[in-house]
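Taken from TrEMBL, the feature region 'Disordered' applies to 1-87. For 53-63, the entry in TrEMBL reads compositional bias 'Basic residues'. Marked as domain 'AAA+ ATPase' by TrEMBL: 107-250. Taken from TrEMBL, the feature domain 'Cdc6 C-terminal' applies to 361-441.
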Amino acid sequence: MHRRTRLSLRSSTINDKENEQELASPRKRRSQLPVSEKSAEQEEEEYVSSPKKATRKPGRPRLSRVEEPEDGSPGKGTPELVGKLPEREKEYDELVGYVENVLSTDGSGSLYISGPPGTGKTATLQRILNHPSFENALKPVYINCTSIKSVGSIYKKIAEELALKVAGTTEKQYQGAIEAHLERKHKTIMLVLDEIDQLASSKQTILYSIFEWPARPTARLILIGIANALDLTDRLLARLQARCELKPYLIQFLPYTKQQIVAILKACLAQTDSLSRFPEAALGLLAAKVASTSGDIRRALFIARRLVETAKKEDRKTGSTIPTVVSMGQVMAVLKQVYGASQSLSNDLEEGFPLQQKILICSLMLMLKHGKNKDITVGKLYDVYKTICTRRNIQAVDQTEFSSLCTLVETRGIVRLQGKKEPRMHRVCLQWDEEEVTSALNDKQLIASILSDVSCLGK
């Protein structure tokens, strides 16, 4: 015990010295983007200007104002998170108009925001909360539904965010406390449920009860659900369509186009004095690739920053005062690293199936051909998909994006998703004949290697 005490004291002393050194050294000032040129998902300056995070995978950020601080109170928004998001002006104006209308009538409303990852949903909503007219008129509550342990614990999380006193610890007691609070006089609440599709259950009881709250006479609640699927309310909450007062208002965020991605990249690169490094053709190639696969602006910014860092390393190596210009070959090389070394860029742009969808389909075919259990869920399919991507040095999407990917493939009629439970428990059934799919993709070296790699099944 004495030895453990000495070790912990020594560790504490070392940490204190490190903290003193860190405080004594001048902190590097991060580049700031102006209000009108801040990009989607609060990631622009990190992806283009921070060399220390070159290999970090882009992900969905937390809302700075509605993030859960330690003291339980909502934090203040930062100045650069005010104003319209580039290339999302239309969606911003639509959101502002909706919230203003609800506040003017002192009423309630529900809103569902859909769109693929990296299309500015969360970042646009952040700017709505920092809108001068709303900052003092709303009580923001933000919850990412992927962070809760079970579907029923959402009531406890909401009650904690509202700082409610609950006489008990059961799901019903937390729900009752929230509904009692909505009956009392209070400031209008903006409840944001990010990744709301994670609350799906067999009978959708919890989703229905939450979407029914705004219909209460004294609720003063603006409920906003965010998810990737366009038809979530129609598919999972069909009863809401029958009652006008419960039907949520829908806003869709489409994937960024090539032109939009070029505009955002130019604005961001200009702030770091890096725009001169990119010829117009190089930016167009980068934007075209990202737009053809996902339209995820975070991915485009991540790739652009990698190219900038490569060019800066070349400057330091040669000692040249003239900035190194990014070549088309360098853009091609980074794109192949990100989207798969075996994938031909020109072929991928010409064909209708993006690389990630091809890997998903072939992962399913591999499990059907060589797997012992033919009852395949989205969760099991994701495990095999992730293994295949890792072995081929291809960046895999996360679990949430993969569920959205399955939905996209389902819209093509290739697979069918069955089940009413959580998305990762949905069964995946191949609709096309296996021989038909194989013949359509058999000329691809990558696809053939996946179908023959039985070791990915973990046998």
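A Cβ is built for glycine as well, from the same backbone N, Cα and C atoms used for every other residue.
Automated prediction, rather than curation, is the source of TrEMBL annotations.
Each residue of the domain 'AAA+ ATPase' (107-250) gets a DSSP state, and the totals for helix, strand and coil are 61 helix, 27 strand, 56 coil. Counting residues of the domain 'Cdc6 C-terminal' (361-441) by DSSP class, helix then strand then coil, yields 48 helix, 9 strand, 24 coil. Regional average pLDDT for the domain 'Cdc6 C-terminal' (361-441) in the model is 81.
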